[in-house]
Every structure is written in C-alpha cells, then in structure tokens.
Amino acid sequence: MHDENEQAVVGGEEFIAFRVGEQEFCVEITSTREIRGWSQATRLPHSPDYIVGVINLRGTILPIMDLSARLGMGMSAPSERHVIIVVQVRDKTIGLLVDSVSDILDVGPDHLRPVPEVSSDMSTEMFNRVIVLDKRIICEICLESIMPEQEMQAA
Amino acid sequence: MSLDDIKETFFAECADQMADLETGLHEIQSDGPDMDTVNAVFRAVHSIKGGAGAFGYAALVSFAHVFENALDVIRNDLSQVNEERMDLLLRSVDVLSDVIEAERTGTEPTDTTALARELEAAFGLTAEGEEEEDALEDFAPVTIDLEAFDLDASDAAETPSGRTYRISFAPHASLYLKGHDPLRFFRELSEMGTLGVSCDLDSLPKLTELSPDESYLKWQVDMETERDRDEIAAVFDWVDGECDLTIEEIGGGSPDGGGEELDDFLANLGDDPELADIGSEETPSGGEAASAGAAPVAGPDSPPSTAPVASGGATGDNGKDRSGEAVRRPEKEKKEVKKPSQTIRVESEKVDRLINLMGELVINQAMLAERIGQAGFGNASPAALALVELQNLTREIQSGVMAIRAQPVKPVFMRMSRIVREVCSATGKKALLELEGEHTEVDTTVIEGLIDPLTHMIRNAVDHGIEDPETRVALGKPPQGTVKLSAYHSSGRIVIEIKDDGAGINRERVLNKAIEKGIVGRDAKLTDDEIDNLIFAPGFSTAEAITDVSGRGVGMDVVRQSIQSLGGRVSISSEPGKGSLFSMSLPLTLAVLDGMIVKEAGQTLVLPVSAVLETATLKPGDVYTIGKNHRVVKMRNTLIPIIDVGRQLGFAEQRTDFTKGTIMVVEGGKSGMGAFIVDSIEGQQQVVIKSLETNYKRVPSIAAATILGNGQIALILDCDHIVSHNSGEPEAELIQSMAG
C-alpha cells in the first residue's frame, strides 16, 4: 500500500476532503473504501465517547468513529445528512462519521506542507500534512494515529 | 502449482505421517508390537524421508534414515522391542517433528547427531549404514550393471532366501512435476538389495522434437533382495498413480503368476527386431540378463541359487528368514499400501469462506422470516410453510458445512504425549498419558485454541500432580503415574477432561499462598472446592521453586482466560492423595451459537443459551438488598446477586423496580451465578458469531456481535466476565482508562 502512495507522489496525490464542523479535513483516496449515509449504530459498552458504535456493512461489523469527537471538537449529533467514510487502516476497516464530503482533490507536491507546530496539543499528531490551496487549508488525517488501538497501547 | 505449493503439500503430508507415526508407536507401546503397526510406522518415516530427499532437506533425510533403520530392526524381529528402545523411538518422533518444523520454517535444524548415535547404539546399527550411504553417492541411474547376473551360482547360494524381481518403472510427467526424482527410488531399492538398472530410451524422440515437459525414460530394474514384493512396492508408494509400475518376481522364493507374463515379455522381446536391436546396441548384456532371468521361470522348482546375484550380496538384512512373516501379512496390509486416499485436501480459507457465506444465509433467512411475519401471512400460509422448508434446509446445510471443518481432537491429544515425555524427563517423574475419545470431533477453530491451555494443564498435571516414583511407591501407588485425557460430546458441547492419579491439590499450601499473595483474607473461610479453584486466581502459582517446566510466567488464570475466550468453562475437582480432575466444557464451533435474544434499555442483546439456567419474573418480596447497592434474589435456597445488565454496560440508569423486568439466571463459569435482569426476552434463535476484534478490539463484557434479521447488530454478552465483574456499578475505572 505504501508503495502505491509513493508512486502517486510523482504525479500528485488524490484526497477525499470532507467537513467536520467548520473545518475541512481529508484522507488519502487510496485508503478510502466507500462513502455511505448514516445508519443507526449499535452502541458499544466500555468504549470511548468517540466510538459511536458498530453498524452492519454487508455482514461486516464496522465500528464508527465520530471524527469530531476524536479530534476534540465536540460530539456530533448524527443525522440523515451525516456521512460515513469507510477507510482501511492496515488490516482494519473503520467508518469515520463526518458532516459532509466536500471535494476530491488532486494535489501536487508543492501544495503539501508539513503540519505547523501550532501547539503541543495532541490533535496535531493526528495530522500527516496540510494541503494549502488558495484560501483553503485542509489537514490530512493520520489514520494510523486516530485508530483506537494506538491509544490503547499508549494508555 | 508452484514449488512452494508442493512444499506445503509435502509438509501437510508430513503432519499426517507424523500423526500416523505417533499413533502407531503408542499402539506398540500399549498393545505390544504387531507387524501391521510396525509396518505402518516404518512407512510413515519412510515417506517423510522420501519426500525430504526430493526437496533436498539433507538434515531431515539423514535423521529419518537412522530412524528408519532403527525401525527396521524391529520390523525384522518384533521381539526386539523393549521399553528403553520404545522410549528412544518416541523421543525420535519428537526430534523428527522438530527437524521437519525447522525445514518448514527454514530455521537452523536441531542437532540430531546425539540422538542418532543413541539410536545406532541401542539398535545395534553399525557404521555399515554410512558406508552404504557413501556407496550410493556414486550411484548413477542409467548404469547398466547386468554383468552382475553372470556371477556364478555359488555366490548366490550364500543368500538362500534371496529373490529376484524385475521392476519396470515408467514415470509419468506428473511424477516429475511433483518434484520426485527417480534416482531416489533407485537409491531406496539399492538399500534393499542389489540392482541392475537399465534405461529404456525407446520413446526418447530426436532432440529437435523433445519436449522438456514430457517424460520419455523408462527403467527396468532387476533386483536381488530378501525383501518381499510389498516392501518393494512400498518404495513407490507415494508416486502411486504417477507412474506405470510392474513388479514381477523372476527368480528365487516361490514363483508367482508373473512368470508367464515374463515369458510373454521375453517372447515379445525376441520378436521385436527393434527391441532386440536396442538390446544389442544400447544394453549389450540385456539378452544375457533376460536369459538369466528366464532360467528360474523355466524350472519353478529350481533352487534360488540359480537366481542372479550381484557382488556383495544383499545389504541391510542379516539373512533372517522372512517367509513366516510374509504368511502372517494379511491381505489388508496390501490394501493399505495401495488404497487411494478417500479424502481431499482443501485450503482452510475456502472452507472459511463457505462458513462465512453460510452465516450470511442464516442472517438472510432470519430477515426473510421477519419480513414474512411483518407481511401478516398466517402460519399456515404457503409463504410461511416455504420458509419452514428453507429453515430446515439451512440448518442441514449448516451442519454439513460445519462438519467439513470438524476434526477429531486426536492430533492435539497426540501432541500432549510429547509434553508428558518432556516434563517427565525434566523432572525425573514417570507418567503415562492415556487417551480416550480422541476421535471426538470439534471445529478446527476450537482445536487451535485448545493447544495452549491443554499443554499447560498437562504440564501442570505431571509437574505438580504426579509424585516422584519413590514417593509413589512409598504411598503404595505404581511408580508410573497416569494422566488420562478424554473427550466426549455432551449436550451440544465438547467436554475435555484431564485426570491424574497424583497427589491432588495441597489445599493447605494453596490457601496459605493465596493469603500470602493477598488473594483471600487471612480469616477467610473457604470450602474445599473454593480453595481448589483459587489456583485459577490471577497471579497465583503454587510451584515452590520455579522449575524448568512450570514457572514460565503463565498461570492457570491465563488458561482459564483462553478457555473462556473460546466460549468455554473450566473447573477442577481434587481429592487429596488420589489426584485431580480438570474439566473443560467448550462449544463445538465458534461460528454460530444458540442465542437468547433479549431487550434491555432499548438495545437488543444476545445471551448464549448454554449459559442460561432458568428465567423468572420477580415478586416484590424476592429481592434483598445487601450493603449500599448490592441486591440479591433468593431462588432455590441460594442467594444470587442481581446484575442490572443495562446499568453494568452503561446503557441505562440503575433500575429501581425489579418486578418489571425478567430475570435470567446465568452461569458465569466458576465465578458463580448471576441473575441478569433485562426488560424482556424476545426469543431464541441461532446467531452467527462475528468478531468485534476484526475491525475494532476486544470489548469487556462483550463476547462478540451478531447481525439480526433486521440488519441491526446485536452484541453477544460475555456472561463470565459480567458475573465476575459485577460490582453494582458500571465499570467506571475501565471506562476512564479507555477514554484517557
């Protein structure tokens, strides 16, 4: 998978951009499996608040993560208008609950910046890079570090 | 098929052979040697050696060779078996399995020289074997060594029981495709006697027409040996169907029907000018060989001395009369040799996929049932009746699919005998493993999960349970302890028991240790049973000193956990001085379970039916409060703590009215019972177990998830965990640790 990504750098990378609250974020299109509407999730006990629950994705148990809550921006109140982006992180598949999908971006290397060290806030660790396009600033989510396991191991 | 695939097949076959080998040796150990078993054991080692040779696994070949020679000693004389030798053979099985594993994983093979020397010493194998090997280095398959047949009769007379066979061997292309090398067979044969090999190049086309994928060469081997036909056939056992093979006895022993065929063959040989031509050109002494071979056929009563004999005579055997044995060899054995396998090898992923699809079918059927119910058709409507048909079919297909993955627990059980041997040699104890019900079948997923806990318990049984031989004798017990491992089916589950006749649990020591470690209070009053079960407490180990065997940082609590993660329960009962009995009850499969569907706090939850003892509704007087928040219900003269499931899982506030819900008395392993209170019971149905760990992680109190008929996910409760972690409060510290 990494090889694919590295190859993509040559010609420019593709991202799915989406809105969470007032901000725009994105993930690499190569990790995205599908985008689907919100459906009622089954709550999981003993789980962090950003895990909304699990839904049935054609027979697979898919955990849903509230990205807003995960990034420390408050819990979403999921509605019909919300969207689930199904992403693959290593061997796991997880759904990210976001407000809406906004764009598909094809970004050349000159628009990709490292994450600025704005603060010691841990949320910056959840970003890989920042895409700067005209007046838009879009943070690329680091899928590996938002996964629940990562946090469990750190705890 | 790539080479890796072929190697994989070889190792899979090795595993089978190892199982046969171990089973056979155990039979010999318990029932004494009989020729069938000894032959089966020999064949197993032989096949492994053969396959290993084809892949160039030198370490494996050389050890298997010594092993085989040792077995050959027994094969030649059953009375050669004694306890010491059996022990050595069993140890060789362990080492052989190590060497196979090393070859499989490509790691440095274990050093086998010490054991090989021991085998050679114990079985009186001399360096002769090695010389034989050396001689083989120069062996060339196309050598035409028919001059040997001209040797005079006096030489042959020295080996009166020798016979001559003519083997024609024409490999098919598939033989090469599977990585076999004809040279190997000739090597094999040359160990059994003396050979004259000629290569038939008739069908070899011109170089321009030659296709490298085809097999053109055929060989004719004239062999002088003391072995019988079956043994020669056994060399070609594992290329059965991949070559044309005829073995005719052309001299010595008692001539059989082969004689006439040979006559025909020789006649044809003479008639065919081309063949004759080749005979003179390519195989100068071919004609002589034929006539030499024909001689004994012409006179069936002529003594074997006229049989052609190569210089040096037969190797290996020391001229034991084998005729008696040959008579005893029943027809059955011949069948075993030639019987084609009635099984197929299937990649486990294919079966797993089938089982997943089966799960989807079960879910879809539940959906259909729900829709038909919603549509308001009556129970007698054609739609409802068709659904019943479908349900019956589904259940049948399901059990069929499950049966594919069901396997006898035998391989795991056989592995345990090795554990017993290892522990015995490390501790100087004597113990015998008895197996019972090893043909009981369980799903492979369960079998895999069984290995670790079983290994640990067996190790414990010998290390902690069985006493030293001296102590045992002093106690009036036989010096050799017995560990009995048994399996049987009971009400849809498999029960596995480990019983030893050792010292039993030293309750005083266990209790002191538990007090010392702060597991129980100093003034605790515990029943014998409760004390016994303390060994399952986390962090508990009774070993006085950390021995080589135990003290590997794993305690019985881990055993219990791994059994619980399989959806099983384990319990112990012990009688001081008489021994202990560990009993495990496990589901037959990890793919589906019979679930009790309940509603609580708006959530649909599933409880395994096997855990539910009874259901009831409560009257106001049934509930007693103990302390601040603990409520118990009195049922059948026992006080059972009430577990507010919704509260415990953090789905709802503490309920105040206990008469509004339904109580389900649930057995939570050895932590006792719990009275789960839920809003209502919806029904009972078969559910497909879906792991939460695949995409998420293990969630406390939840065993797994399932998909209901309406497409929604329901959680399957981990009853053991809920009962043992019942505090009347939601698991606050757990929630915190995860959020933090």
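Even glycines carry a Cβ here, placed using N, Cα and C.
Owing to the predicted nature of the structure, the values given are computational and were not obtained by experimental measurement.
Record features (TrEMBL):
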COMPBIAS  B:281-300  compositional bias 'Low complexity'
COMPBIAS  B:318-339  compositional bias 'Basic and acidic residues'
DOMAIN    B:1-103  domain 'HPt'
DOMAIN    B:332-590  domain 'Histidine kinase'
DOMAIN    B:592-728  domain 'CheW-like'
MOD_RES   B:HIS46  phosphohistidine
REGION    B:247-343  region 'Disordered'
Reported mean pLDDT - the domain 'Histidine kinase' (B:332-590):
80
Taking 10 A as the limit, how many CB atoms besides its own sit near the CB of the residue listed as 'phosphohistidine'?
24
Take the domain 'CheW-like' (B:592-728) and count its residues per DSSP category (helix H/G/I, strand E/B, coil), listing them in that order.
19 helix, 71 strand, 47 coil
Could you give me the DSSP helix, strand and coil counts for the domain 'HPt' (B:1-103)?
93 helix, 0 strand, 10 coil
